[in-house]
Structure formats: C-alpha cells, structure tokens
Amino acid sequence: MPNNNKPIYHYSDLEKHAKGTLSHEVFTYIQSGSGNEETLKDNEQAFKKWKIKPQFLNDVSERNLSISLLDETYKTPFLLAPVGHLGAAHPDGELAVARAAKEKQVPYIVSTVSTFSLEEIADELGDTPRWFQLYWSSDQELTASLVKRAEKAGYSAIVVTIDTPILGYREADLTNQYFPLRAGYGSANYFADPVFRSRLKESPEVNKASAIEELLKIVFHPKLSWKDLAFIRKHTKLPIILKGVLHPNDAIQAVDYGADGIIVSNHGGRQLDGVLSSLDALPNIVQEVSGKIPVLFDSGIRRGPDVIKAYALGADAVLLGRPYVYGLAINGQAGVEEVLEHFLNDVDVSLATAGKSRISELDSSLVVKV
Ligand SMILES: Cc1cc2nc3c(=O)[nH]c(=O)nc-3n(C[C@H](O)[C@H](O)[C@H](O)COP(=O)(O)O)c2cc1C
C-alpha cells in the first residue's frame, strides 16, 4: 500500500492513510460514530479491560484458524461485516472487496445498500461463502424480492439488521451534510429490483434523483417488530441471523422467534450513542443463549488479540468492519487483501502465543477482567 512502499500494520496508520486518500466527507462518514462518539470509543476501550492469561508448553506447532458455523466450516476466523456505499470509498467498491474476499477465502456479508447489485457482487465471489445483510424495507413486497434474489444468487444466510429502525443521529454527517444514499451510492440493489422499479413513475435511468427520493422513503421500516420475522421465514429457507443485539432479553426473543443466529453489535457506534460497548454486552448474551444458536460479534475488532478475546468470551464468529474499508480506500482490492493477510497472520500469531492451536480451544479460562 502507498506508505512509502512500506506495508501498513498499525490500525491508526490505516486510518491515517485512508484519511489522506478520501474526501473529508467520505472519510468522516466511515470513521465517525453517532452523537458524542462515546460508544465508538468504548468499543475499542472495552477490549483493554480484558487480559489474556496464556498457558504454555502445549505444542502449538500446527494451528487451525477455521470455525464451524451453521453446519459449515469457514477457513478464516472472521467474516467481512456488511458495510454499505463502498463505491464512495473506492470506484470498484464491493467488487474489489469481493475479489479480495475470494483471494483470501474470507466470507463476505454484503450490505443491502451496496453500490453494485448483489448479483454482480456474487459473480465476483465465485464460490466464496457469502451472506446477505437485509435492511428490511417498509415495502414488504420489495423486502421479499431482495431476499429471494439473494437466495437465487447463492447467498447462504440472511442477516437482518435490527438496530436501524431509522438512521442514528450522526452529527459529523449532519455537519457535512453528507448522506451517501443521497449522493448516489447504495442504490444498486433497489434500481435492479423489479418490485422497486414497478413503484417508480420514471425509471432510475431517466430520473435518478426522483428514484433516490423514493428509495429514501422506503429504505428502513420503523414499524418492524418480532412477529414480522415470520414474513421472512415464509419467503426463504436460508438461516436468518439478527444483527444488532445488545440486550439479553432480545437474545432470548431471537431464540423464541426462531432466529438461527444473532450478531452482538452496536453498528460500530453508529446508531444510538451511549449504548454499551459490544464486548461488554457479549458475556451476558452468551450466557442467556447458552449454545442454542450461534452468537456472532462485531464492533471494535482492530487486531488479532481482539479476535482471541471475543472468542474467549463466547463468540462463535467475529466480523471485521472498518479495517478492511480503510484498506479498500487506500488501494482497492490489493488494499483489502493486505489488511486481510495481516489480520490472518496476527490471529495466527496471537493464537500460538496464547498457547492454543485452534480457535475452538478458546474459552473464558483464557481471559480475566482487570
Ligand atoms: C461506513 C460503514 C457503513 C456500514 N454499513 C452497514 C450496513 O449497510 N449494514 C449493516 O448492517 N451494518 C453496517 N455497518 C456496521 C458494520 O456492519 C459493523 O457492525 C461495524 O462496522 C462494526 O464496527 P467496527 O467497524 O468499528 O469494528 C456499517 C459500518 C460502517 C463503518
């Protein structure tokens, strides 16, 4: 990556170089959190409260980073989190991420608000595992159409983001008056959708601005409630995973309503500021769910030891967010590949130096809260 030809390892260097590449508005959109950014900061701070207690002389000469999830084995211990509007970060956007994911065999959770359509992204991924993240539209027929298209394009799970009934109060974006959907990034799945197109008086090719206005009206669904999950179940055989769980009661509800998994996440501190850090939420939720469905985790993972700590605290898988987006901004596909390569190496080294050989060996005996 362009760092005087030196590789970039440090997260703050990734951030710095991305800042140097992107416009102020786009960098801020990616980097910032909502409100006073307390939760954004807490997500990283929370990892510092937990320390690893390694145990040695265990023969760690052969290591395995694979994980088992929903009856599949994934080669890498992390998936790529759904991040929307990636065309704003790099012209190749999600296509570059897909090529890098394929190269490194990292599963990719593709956002609804992607700059390229879910079918175009699937074509790039080949047989790389992929899930589709759903922003449940207030237009139910459109929601069903998106889910069916994802199933047809080989996505193997639907991730329903539940923490975004409406967009969080993002002061930085409000200050910059920057909204990527309005700027034209993130409409590909809608513009390619027969149901959405049928709602328009003029096609997006003829009148893009009015199509975007229509999209802004239906993108989120504030009325969504637990009983609506049956609607998705009716339209797909794929596992349904709820993203954005922070309260143990919601985790219990997820089990009761038949979700196949949950993701403990606060959306990278981008929804309600002042919510607890994702890592602080994790142990209670793991305890309540008690193995009935997988518990995934994101928000604040920056390095290998963070991955180790999240697994030790009971996560069944973790998602990588901002780090790969910065790689994309800095150098497209190659930039994402470099970030993934470094992360894989970091997790591998962290595992061995914690005295373990497999991700599945990580449990709470490995960590202590200080
Ligand atoms: C720029 C940006 C856009 C995002 N877009 C989406 C999205 O479209 N759908 C979604 O469910 N989560 C979205 N997220 C949240 C991520 O999936 C993930 O929860 C978050 O990035 C984790 O925090 P971290 O990146 O600080 O580790 C977005 C995050 C960022 C930074």
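Cβ atoms here come from the backbone N, Cα and C positions, even for glycine.
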* To do: Among Y9, Y11, Y29, indicate the single residue that TrEMBL lists for the glyoxylate site containing Y135, R170, H267, R270.
  => Y29
* Quick one, of the recorded positions K243, H267, R270, R302, which Cβ has the fewest other Cβ within 10 Å? -> R302
* Taking only the recorded positions Y29, R170, H267, R270, which one has a CA atom nearest to the CA atom of Q133 (FMN binding site)? -> H267
* **R170 (glyoxylate binding site) to H267 (active site, proton acceptor) - Cα separation in whole Å** => 12
* **Residues satisfying Cβ distance under 8 Å from G300 (FMN binding site), sequence separation of at least 6** => N43, E44, A46, F47, G268, S277, S278, L279, D306
* **Of Y29, H267, R270, i.e. the recorded positions, those within 10 Å of K243 (FMN binding site) when Cα atoms are compared** => H267
